[in-house]
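Visitor: Positions annotated as domain 'MARVEL' by TrEMBL: 13-145, 150-286. Sequence annotations record features per position, and here TrEMBL assigns transmembrane segment to 20-37, 49-67, 87-107, 119-135, 147-170, 182-204, 219-240, 261-280.
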Amino acid sequence: QSSRTMATLNLRALTSWVGIARLLAVLLSCLSFSLVASTGHFEAPYGTWCMFTWCFCFTVTLLVLLLELLELYPLLPLSWDDFTSAFSMLAALMVFTSSVVFPATFISSPCSSSQCARQAVATASSCLCFLAYALEVSLTRAKPGDISSFLSTVPGLLKVFEAYVACLIFSLLDEYSRESGLMWCVAVYSICFIFTLLIIIFTIGRCLTYIPCPLEKVLVGYNVLALLMYLTAMVLWPLYSFRGRGRPDPCGSNCPWNKHLGVTFLTIFNLIAYLVDLVYSTRMVFFRAP
């Protein structure tokens, strides 16, 4: 009786390919934030974001490994496969962003000092950490036809991507209250982000079964609506942002023109994501193999 109540060790959590990918992610994220912390040079806001990313991914991945090693995750009131799939996708996106933002912000061109060398090694470690998370995403992705854990399917992973890109858009929003067209675009980003986030949370919390309607068809309808809304944003955002405004000559990292250009590209990325999401969702719902 006592042996049943005790936590059992599941060594496959560490020796499987997914476990090895998670171990690598833990070690590499730890190496990244340790090296950057040792330089003492990670000012706000970009440096703080990168440090938060590495620390957050390290902590959650270590917790996932411990819960799987001790086989305690079935006690949690959530869909474990959906949670781990969504987190690995989110971690891959966050670490990729940090791997681009950190060197662009902090590493200067003649890299000769020991501080710069540590920053360069931290960047390389962050890039390898991204590859570890990308490997985990590919290993845990659902096989075609398997919809037991929605967030490990292509539409589920795209939901995480769409929500993350929307967060990046929010971080770049600047000077949009003067134009009604830009305010509509911000409404599009906000509405789509809220609904996509709710889908992710309800899936992880196993709440979708309580919705009294055919969920798969509702998701297809939502994707159609989100795609149409993003289409209007893709046209209106650059139209109202750059109309009669050339790029100013000194245009640094906080230049509104650059931020508007960033939002334009991110809008296109999310439009493509919603389009691919719609195609895969439609195939899963209406063309499912018998």
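Even glycines carry a Cβ here, placed using N, Cα and C.
TrEMBL does not curate its annotations; it predicts them automatically.
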Visitor: Cβ pairs under 8 Å only, please: of the recorded stretches 147-170, 182-204, 219-240, which one is richest in them relative to the transmembrane segment (261-280)?
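Guide: Answer, by Cβ pair count: 147-170.
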Visitor: For the domain 'MARVEL' (13-145), what does DSSP give as the number of helix, strand and coil residues?
Guide: 107 helix, 0 strand, 26 coil
Visitor: DSSP-wise, what's the residue breakdown of the domain 'MARVEL' (150-286) into helix, strand and coil?
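Guide: Final tally across the stretch: 109 helix, 0 strand, 28 coil.
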Visitor: Are there residues at least six beyond either end of the transmembrane segment (219-240) with Cβ under 8 Å to its Cβ atoms? List them, or say none.
Guide: 155, 162, 179, 181-182, 184-185, 188-189, 191-192, 195-196, 199, 260, 263-264, 267-268, 270-271, 274-275, 277-278, 281-282, 285-286
